[in-house]
Amino acid sequence: MFNEKPQPELVIGVLRRLKDVNQAVNYFRWVERKSEEPLSPEAYNSLLMVMVRTRNFDYLEQILGEMSIAGFGPTNYTCVELVASCVKSQKLIEAFDLLQMMRHFKFRPAFSAYTTLIGALSEVGESDRMLALFHQMQELGYEVNVHLLTTLIRVFSREGRVDAALSLLDEMKSNSFDADIVLYNVCIDCFGKVGKVDMAWKFFHEMKANGIVPDDVTYTSMMGVLCKANRLDEAVEIFEQMEQNRQVPCAYAYNTMIMGYGSAGKFDEAYSLLERQREKGCIPSVVAYNCILTCLGKKGKTDKALRIFEEMKRDAMPNLPTYNIIIGMLCKAGNVEAAFKVRDAMKEAGLFPNVRTINIMIDRLCKAQKLDEACSIFEGMDHKVCSPDGATFCSLIDGLGKQGRVDDAYRIYERMLDADQIPNVVVYTSLIRNFFKCDRKEDGHKMYKEMMRSGCSPDLMLLNTYMDCVFKAGETEKGRALFEEIKARGFLPDTRSYSILIHSLVKAGFARETYELYYAMKDQGCVLDTRAYNTVIDGFCKSGKVNKAYQLLEEMKTMGHHPTVVTYGSVVDGLAKIDRLDEAYMLFEEAKSNGIELNHVIYSSLIDGFGKVGRVDEAYLVMEEMMQKGLTPNVYTWNCLLDGLVKAEEINEALVCFQSMKDLKCTPNQITFCILINGLCKVRKFNKAFVFWQEMQKQGLKPNTITYTAMISGLAKSGNVAQASSLFERFRATGGIPDSASYNAMIEGLSIANRALDAYQLFEETRLKGCSIHTKTCVALLDALHKAECLEQAAIVGAVLRETAKSQHAARSW
């Protein structure tokens, strides 16, 4: 209805009052039509300000395009307000794109627009976009200042992008900017926090060389960096420098040093510094006391911590972290009642336990194996005030599972699902591991499948744990498949993955695969740790590649890893098994000289090695040394010595050892009796052997095939054919398969006892089974058959005897 041409002041006044972008744009277009000429820059800027107020930029690109064609752009004020609007609504990427749009239309964004956005991007670590804006400012001819460079350097340093930060510093120097104390403090703090301690030191000394006096922030930052890097002596030196000329102590510096001492476990020094702070008239803060209490908690000094807790109330009111530290400490020590009293005192002080308090209590109680108390706290949680979170459920599930209460752990897992908490990979790792640990592998497999169905992706740690459990359950092929699954899921198997695979395959009898897997691990760039070296060395030893194992032992030392008793044990055992006993003994002595606490395994390997080659005296000496060191030989060690004595036909000495073994309360096992029975039969002490046989039977131990053969042979040769025959039949009845030696002993014994037909029947059975018949056996049987006038049978035995003689003659001729 309004027919007159709108005046510019009226248009701008209307646009300034509008609160809807669509309405503003419609009005703007109506004015254009009425005026029949482009509107003024002020009108365009007023329209842009409507977009700022409403934070609606749907028409921004269109309006900027029109302004570009008209030959003018947004004012500096409008530009800054556009960016600030995006920043306030946390739309930083949109703000960045807005500035790029302005540059696209050849506008020159305001200096403050750039600095505002760079400051906002620094808070979220968008370093690349910050750098792009910084370079744009330089292209536009803006003079960048030290403050802006400091902001950029801080972000790059925090991200660990040291090269980029140093490049900016070089650029600053090339532009003749003088670094101020703020920049130096930022460099010291940020470079130190990413582990570049020497670089932080360099900045500290450089600022002093440039005449800039370090302030409290400088000193405390440098001290914090050195404490974190475990360079406490240097931190103390800096602290003392700072204190020399100060009348009033810096509380922050004291807190930093107290934290440093506390982290290093130096309670006395930390407490001494706190006392020194108090003497100088500066009341220690709650932060300082919390550091000392944390240190005492790590050392398990609960009583001292409680004393200091009471003492601190004179200087500073305990806060929520203080109470959490004390409660956690008491729960860890299993003192639940005292923990509840502290919790009640906490409520009286106006501080109420939060979920972190509950989590600390449950976690520490689980670790102290006070599971019923942990469950009681969980059940007593008031869900309206404090609901359990993922950490609460995780601690309880893991604690119950580790103590074998996997069904209870699974019930908590179900309650976690009912509470709409999403189990993470740590929860599933715990459940899988603990189900396998309790010999419930099927449930362990089900948990893995359930995890996959839930959409929770396994990480490398879970896959390693699952693979380890599967191998330990004897599912070798499934374990191999899981190793391949690790790669199929896009993970690179790490050192632990390979260690689990090699160790498990060695145990399963596939030690020969160690070589190939070791080089695959090296080619992938895995850095071996002590456990990995031990695993590979053991695999090489068990596959007969002892020289390679020895070489790896030397490499391990050069790489800074200290060989353990496991390392030495593997190589000593490998050398002993291939009769390189002098080298094995030298390595044994090296382990002792390095302060390694030797175990049964390494002593037994040497005793076994010396015994097998007849060096019984040296085996004895090793056994004596072992006992002098306070190690009681186990049944395996005694068996190694007994086997060596038997092989050397020192049977009387072996019997003395057997008695010593029993005197030392070491119960003989099946192998012990087998060694002695075989040894006694070997020296024809058959009656004594039979006594041991009977004792073995009384103890419910089952003889092996070799022992049966020796005993049958011994009884037959000593004329106890009836007992030998009875034993032979019993052996077969229990599923035993007699070997050639058993058959020959029985045939010969029956022949000597004039039981020719029984002997002949066994002779035929022996032939049918394909077992060889000795010439001596044939001669004894032939003689017995002739005496019994069994001429037909004698003719068959004679033919076999002649055939055997021909075969032996042909073999000698060949």
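Using the three backbone atoms N, Cα and C, a Cβ is placed for every residue, glycine included.
Just so it is clear, the model here is predicted, and its values are computed rather than measured.
Going by TrEMBL, these are the annotated features:
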| type | residues | note |
| --- | --- | --- |
| DOMAIN | 17-173 | domain 'PROP1-like PPR' |
| REPEAT | 40-74 | repeat 'PPR' |
| REPEAT | 110-144 | repeat 'PPR' |
| REPEAT | 145-179 | repeat 'PPR' |
| REPEAT | 285-315 | repeat 'PPR' |
| REPEAT | 354-388 | repeat 'PPR' |
| REPEAT | 389-423 | repeat 'PPR' |
| REPEAT | 424-458 | repeat 'PPR' |
| REPEAT | 494-528 | repeat 'PPR' |
| REPEAT | 529-563 | repeat 'PPR' |
| REPEAT | 599-633 | repeat 'PPR' |
| REPEAT | 669-703 | repeat 'PPR' |
| REPEAT | 704-738 | repeat 'PPR' |
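For the repeat 'PPR' (704-738), the number of residues in each DSSP class (helix H, G, I; strand E, B; coil) is 26 helix, 0 strand, 9 coil. Counting only same-chain residues 6+ beyond the ends of the repeat 'PPR' (599-633), those with a CB under 8 A from a CB of the stretch are 565, 568-569, 572-573, 575-577, 579, 581, 584-585, 588, 591, 640-641, 643-645, 647-648, 650, 653, 661, 664, 666. Remote same-chain partners of the repeat 'PPR' (494-528), defined as residues 6 or more beyond its termini with a Cβ less than 8 Å from a stretch Cβ, comprise 460, 463-464, 467-468, 471-472, 476, 479-480, 483, 486, 535-536, 538-540, 542-543, 545, 548, 556, 559, 561. Per-residue pLDDT, averaged along the repeat 'PPR' (354-388), amounts to 84 for this model. Tertiary proximity for the repeat 'PPR' (110-144) is limited to same-chain residues at least six positions away from its ends with a CB under 8 Å from its CB atoms, namely 76-77, 79-80, 82-84, 87, 92, 95-96, 99, 103, 151-152, 154-156, 158-159, 161, 164. If you look at the repeat 'PPR' (424-458), the same-chain residues 6 or more away from its ends with a CB under 8 A from one of its CBs are 390, 393-394, 397-398, 401-402, 404, 406, 409-410, 413, 416, 465-466, 469-470, 472-473, 475, 489.
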